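J.: This is the structure, below, for whatever I ask next.
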Amino acid sequence: MTTPNLTAKPPSLKAQGYLPKRYVVAFMSFLGFVVNYMLRVNINLTIVAMVKTSNSSNSSDSVQEVCGFDDETSSGDDFEEGEFEWNEWTQGLITGSFFWGYLWTQIPGGRLAEVVGARKVMGVAMTFASLFTLVVPVAANAGYLPLIIVRVLLGLAEGATFPCNHALLSSWAPPHERSILAATIYAGSQAGTIVAYPMAAAIIKAMRWEAVFYIQGCIGLVWCAAWFFIVADSPSTHKTISKVELEYIVSAIGDAKDKKPPPVPVKAALTSLPFWAILVANVGNNWGFFTLLTDLPMYMNNMLMQDISSNALLSGLPYLGMWIFSVVVSVTGDKMLQANILTTQTFRKIANSIGKSHLGPAVALLILTFVECNREATIAFLFIAVSLQGALYSGFSVNHVDISPNFAGTLYGITNAFGTFPGWLAPLTVGALTNGKQTFQQWRKVFYIAAAIFTVDAVFFIIFASGEVQDWNYVYDDRQNKQHQQDTESGQEKKEVGKENERDTTKKKDTEGETTKGKKGEVNDIEGETNSKRSGSVVSTSTNQSYTNPAFTSD
């Protein structure tokens with residue numbers, strides 16, 4: 001077995017054909033996640049236009065604090081008022097229902113990508129996601145329950161996309177480019193959020209909310225066609241990759257990843273603390289991430305009184321910061337790894353925790369609880385809280401590939417499956433805390449919970465995370481070696497038995513030969529004695545005759 005070549009340097013762009021295919025694959029994956037998140041988050045802003053304004057906090061004992069803004073960005077009738085009478089709890093069910101389906105295809109999606117290839121899994125999943133998006137308006141007009149069902153189906157489709165891209169990374173990403181390629185690919189989720197909100201606002205103002213789902217669903221189908229045409233599962237199966245790039249990737253990755261999908265060492269993984277560090281970090285991150293992703297437009301609308309256009313811009317702007325920060329951290333980290341300034345383990349811990357993706361946002365959210373109607377300060381600290389999470393793509397999010405290239409897709413599926421629970425629990429928690437109580441005091445509780453969870457998971461990751469390939473990654477090779485050893489020992493035993501049988505046969509033949517020779521000797525001796533007697537008799541007779549007839553001899 002050859003280990004990854006950590007000193008391998010990428011060839012010149014000219015030698016690789018000027019446009020390395022691993023960058024093309026990464027860019028197509030990036031666009032895939034742009035579409036992925038457009039289809040996922042469009043409901044978060046669109047629901048503001050779908051629901052009657054008077055229906056939020058419409059109970060007789062509802063309480064709402066209103067900031068006294070009086071400018072062009074304050075809420076106004078810049079779009080046709082929605083027709084659905086859904087309160088905050090129902091809205092939380094709708095926005096969170098995506099994750100009820102998202103949970104169940106995480107592990108199967110990752111494993112399926114390892115077995116049949118990430119290209120097929122990603123393409124098919126996004127095709128179904130696009131089709132489900134197209135039927136959202138029909139479902140919504142039929143009632144909130146049909147809409148929830150469609151959102152669950154959308155989650156089922158998209159649940160396989162992140163794990164299968166981890167499987168793709170394990171085949172395409174050299175170790176020293178892993179952070180930047182992962183950050184590039186998964187930055188599509190931020191880009192999708194940035195694009196989805198302003199696009200949805202523009203479409204709603206120009207047409208109606210239904211058009212958001214029709215247009216974005218069609219965009220998804222176009223991307224799917226391009227994906228199947230351009231992408232391959234691995235460098236060795238890519239038809240137009242240069243020989244230089246292929247040799248570089250194969251040399252850099254080594255064969256820590258088996259060519260055939262080995263059986264998953266479930267017990268070994270579930271008893272591995274580095275694996276649990278990733279899982280805990282994933283769950284903790286997703287609580288804060290999805291709290292802001294799903295409910296930030298609602299906070300902007302209900303508490304800061306932003307109209308839908310400014311709401312879209314301000315809700316999407318922090319994700320631009322997250323995108324930029326993810327690229328800065330990943331590029332800096334990869335250069336430090338190449339220069340041996342940091343180990344993989346140290347870099348992952350720094351990126352994930354200290355002052356970056358979790359502890360930093362926790363502090364920002366705590367400060368946010370005190371600024372209330374200070375709109376500029378609120379926007380600034382929300383920007384910081386979301387932007388700092390960009391480091392997660394160089395932290396726990398790519399750590400699966402570090403500790404187990406063979407099972408990166410499956411492990412991502414497991415950790416992300418648990419990470420989906422905050423995806424629906426967080427919106428429900430927000431709905432429960434703010435239903436009929438749109439006050440800063442209630443929203444303060446929302447941010448306290450997120451900050452506390454951020455802190456706990458950051459500390460756990462610092463203590464237990466690893467950047468080294470774990471022994472159980474090679475469990476398949478160990479089984480092969482044991483089987484080979486058993487076969488060898490069995491073969492040797494058979495050879496020994498064969499030799500013993502051969503010796504016994506030879507000995508038997510020798511014994512039989514000696515016996516035969518002995519018998520022949522006895523026969524010869526007997527025959528010899530008989531002949532001797534006969535010869536002696538003749539001689540004796542002749543002698544006697546010569547003595548009795550002497551004249552005869554004289555003649």
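A Cβ is built for glycine as well, from the same backbone N, Cα and C atoms used for every other residue.
Remember, TrEMBL labels are computer predictions, not curated facts.
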J.: I'm validating the feature mapping. Which of 145-165, 313-333 is tagged transmembrane segment in TrEMBL?
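T.: Comparing 145-165, 313-333 with TrEMBL, transmembrane segment matches 313-333.
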J.: Residues sitting near the transmembrane segment (313-333): Cβ under 8 Å, six or more positions beyond its termini, same chain?
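T.: Distant Cβ neighbours of the transmembrane segment (313-333) are 44-45, 179-180, 182-184, 186-187, 190-191, 193-198, 201, 292, 296-297, 300, 306, 342, 347, 351, 356, 379, 382-394.
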J.: Quick check: do the transmembrane segment (378-398) and the transmembrane segment (180-204) share at least 3 Cβ pairs under 8 Å, counting only pairs 6+ apart in sequence?
T.: yes
J.: Counting Cβ pairs under 8 Å that sit 6 or more residues apart, are there three or more between the transmembrane segment (180-204) and the transmembrane segment (121-144)?
T.: no
J.: Would you say the transmembrane segment (20-39) and the transmembrane segment (211-230) are in contact under the rule of three or more C-beta pairs closer than 8 Å, pairs 6 or more apart in sequence?
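T.: As far as Cβ distances go (cut-off 8 Å, pairs 6 or more apart), the transmembrane segment (211-230) and the transmembrane segment (20-39) touch.
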J.: Going through 20-39, 410-434, 446-465 one by one, which has the most CB pairs that fall under 8 Å from the transmembrane segment (273-293)?
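T.: Between the stretches 20-39, 410-434, 446-465, 446-465 has the largest tally.
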